[in-house]
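As recorded in TrEMBL, the features of this protein are as follows:
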type	residues	note
DOMAIN	20-109	domain 'Ig-like'
DOMAIN	114-198	domain 'Ig-like'
DOMAIN	209-299	domain 'Ig-like'
DOMAIN	306-400	domain 'Ig-like'
DOMAIN	405-495	domain 'Ig-like'
DOMAIN	502-595	domain 'Fibronectin type-III'
DOMAIN	597-692	domain 'Fibronectin type-III'
REGION	772-801	region 'Disordered'
TRANSMEM	698-721	transmembrane segment
Amino acid sequence: PTLLLIPLLRVMAVNDMAVPALQVSISLNKVELSVGESKFFICTAIGEPLRLEWYNPQGERIVPSKRMALHTETSRSRLIIYNAIIEDAGIYRCQATDSSGHTEEASVVLEIFQRLTFKDVQSPQEFRHGETAEVVCDVISSPVPVVVWYYQDKEITEEHYSKFQLLPNNNLLIHQVTKADEGVYRCEASVEARGEIDFIDIAVVVNVPPVLSVSQQSFNATADYQESVTFTCITSGSPDPVVTWHRKGQQLEPSEQYFFSKLEGGRSMLTVRNIRQGDGGTYSCRATNKAGSQERELFLKVFVQPHITLLKNVTAVEGSAAMISCVAEGEPLPEISWRRASDGQTFVDGDKSQDGRFEVRGRHGKSVLAISGVRLADLGRFDCEALSRIGGHQKSMFLDIEYIPKFLTNHTIFYSWEGNPVNISCDVMSNPPATMLWRRERFTISAEGTANTRVHSAEGKSVLEVTPTSDRDFGRYNCTARNNIGVRYQEFILAQADVPSNPYSVRLSAVSQRLATVTFMKPDSHGGVPISYYLVQYKEVGSQDWRDVKSHSVQTTVVLTGLEPNTTYEVRVAAVNGKGQGEFSHTETFQTLPIREPSPPAVHGQRGMGKAYRLGLVKQDDGGMPIVEYIVKYKTDKEEQWMTKLVPGANDFAMLQPLQWNTRYEVEITARNVKGLSEPTFYQFFMPQKPDITAESLFSGLGLGAVVGLGLGALLLLLVLVDISCFFLRHCGLLMCITRTICSKKTATSGKGKEMEEGKAAYLKLPLKEENGKESLKPDTIEIKVHSDNSIHTKPDDSKA
């Protein structure tokens, strides 16, 4: 059988074959890597290397870590660097050493660079109209990038420097920025050496101070006429200004007398209601935004002002004409004008729109706005304003448009099958609301439905639920929508769904003893209904029992498991949708691989404790049957007789012991399954010289229990020494307590008399402390007795403390 993995090290035959010269090579010579990327390098040795080692740019041998991983075989080693940083740059060396101590090495140069990175660039960036604007674009890379600015898809070059200036820090300076300079600026950075380029779009917003105007500055009114006057203030600026109204130095707030409103086009309005004589005077309109503020004054003089007496809402039919009348009175007789709220367009007496549909005719305080060919876009509010030299009055009306029903969807074909319900939706927009009904071959389907149809209705929507029971239920259905303006029809088709066509191009891949992967192409037709899954059937040739495997969702790859080795199978595929299962594809035949001897195991070694060596076993292809055991034979390079060790196939290592110090060993490992033995894998390792007897080696030979016992013994000895020191120097400690206990039994009477005579005994009551440092509220205390020899005895005072 073909070897799937080259053995790490083969034992040379005992003949005098020439040993190949040791050569080392690395897959790459020079690599550029950006910060944060990962890379691997493969070092290959030709000859008989004993070991392969990697060294970093600092000359230190590389050991595996989270960021640097090593995968080493006998003549091949892979170094992986994850998430590279600048400090990883330099020359990496791979060194091979053979059994004679001869070394060869190869190197690879790793260069780390910083990719283009934009740091916290804000967008949008706002500036005030007229000031010098500095658009910030903070970008870093190594080497330093070249930055180019673009505006309106054109590069900002020297000819623009009267307006623009590129700063050394790559920012863009715009002199006397205006609203015309507002837009999206592109900051593009590139590193020519790497061909790297990136950009970021920055929105520049120019805040323009408010510009305030009033369409009418002076107003007249009549006192006690229960009328109102409306001040209109037109503002512009960026951002939109906030408008406030003031009178006599005070800001006006909404009330029964003051009403505020805002219309499109920057129009802000203040309505003063129920005008009295004291309401005359100056009113101020103040507009404020980020860029500044502006204020204008308006004047109200209280006389008789115009008054609109007639203005009503109007309803018109789409395509017809509408007549809107506004009647006003006042002295002098006011002029009447119209304003369309949707776009702010105004019309006065004699005006006619460009399309000729709007025309104003007025006479003696009455104005008529005539609209021909009314459209849906005309729907909305219209303002009538009556003005004279002493004031003005404004009222609003609403123009409502009625129109024939309009269907909102073009989805008119639906698919189903017998027994499967389907919803056919008819969506309509109309004014007034339309009544909707369904027809089938000139027959009306009632709202209650039939045996296999039901109607669900809502405003502007009617859903016909059909459950086909035969071919007659398929065909055309008609939705009719009707209101007092007209009637419209929409036809729907209920088509009969079919099962999918058969998949094709069935292929088998990755066939082994127990597994096979089936791939295929989707069918040309899904039958009008989405495919639910694919059914893969397979069986042994000659068998009549097909086994089923469903695909995951609509994936076109299915893995067959549990196959028998060296067996011929047939496989076919069918698609399944809601209607059912389609036809099977063409049947394909394949044969699983036969059972064979396993492939040679891969081996890696690691020195164990003491005179042991741990030999790692990596299972390769088992040939279709489990590995029963590994046969490990080993001997010294000076002996002829092999020692044999049998290792169960479930194990992943073999421990060789006891071994001799300062000796080279040869190993031969063979895997066995029920079919037979694999080719052997050869391996060599060297046991070092016997280590010196040091503290480290002494402790390393002891078990965990022995080390803990020695530590406790040392601690106990230290405590005894401290206690003896306290006994002689401080007259305290455990030994002192034992001595006093023994002595006190002999001299209890004399001791008590001495204490009374000297008068040096005292008792202190100390409150107990809780764990948090607060005094306990319990009456428990500790009695402390102070003797003349400065020793202290404590005992509980009738407490549990």
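Each position is counted from 1, following the chain as shown.
Placement of Cβ uses the backbone N, Cα and C atoms for every residue, glycine included.
Looking at the domain 'Fibronectin type-III' (502-595) alone, the prediction's average pLDDT is 93. Scored by C-beta pairs under 8 angstroms, the domain 'Fibronectin type-III' (597-692) has its highest count with 20-109, from the stretches 20-109, 114-198, 209-299, 306-400.
Between the domain 'Ig-like' (209-299) and the listed ranges 20-109, 114-198, 306-400, 502-595, the one holding the most Cβ pairs under 8 Å is 306-400. Secondary structure of the domain 'Fibronectin type-III' (597-692) per DSSP (helix as H, G, I; strand as E, B; remaining residues coil): 0 helix, 50 strand, 46 coil.
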